[in-house]
């Protein structure tokens, strides 16, 4: 938008009154028509001062806003840095406790598993009674015919050991190695053809039944329980599972006459 600028030749008298009436009189009395010294039209740009003022204002607002942003960021940084100094939350403590309990449980399971699989045929032999003593102490007896090379015998060793520990006060447990020529007569007497061969004897030494090979644990448990209770018969008098043939015997001479292995 443009504006008109008038430049008037006014009297130099300092007492001239610039009222509308005097102005009208001035224009009329000067040769009967208004005189204009100059008329020029120019755009209405903003003055440099205005621009500078706005620039100063804008710069002031910008700097103020930037100061506010910097202030807020510094507050955030200080809050984050200060939060690092806070004590750990209770959740972390709980998670650590849960992790510790889990590790302990895993170690317990690992140790118990290792203990079970750590039981060997030598351990069973070491805890077994001599055959002659078992026949003379008036208790029922479980006789296991085994061999060190028998895979099924080794697999069943942990179960046999647990059952022995449970009933050892009421039932004798005897281990006879089929590779030992000392037990040739017993091999024939009990008809051992495969191992492991478990023979169940009453208090007088009479055989009530036998189970051979890999069978469910309950077969052995229920038969031993029947012997301990003094029952006239056992639940599984004849049962055969997967076994190792006694024909694979590695016969060796007896080195210790008292040995039952």
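A Cβ is built for glycine as well, from the same backbone N, Cα and C atoms used for every other residue.
According to Swiss-Prot, the feature region 'Disordered' maps to residues 39-91, out of the candidate ranges 39-91, 92-144. Note on the domain 'Thioredoxin' (101-229): mean pLDDT across this stretch is 91. Assigned with DSSP, the residues of the domain 'Thioredoxin' (101-229) fall into helix, strand and coil as follows: 69 helix, 27 strand, 33 coil. Fewest Cβ neighbours within 10 Å among the disulfide-bonded residues 150, 153: that distinction goes to 150.
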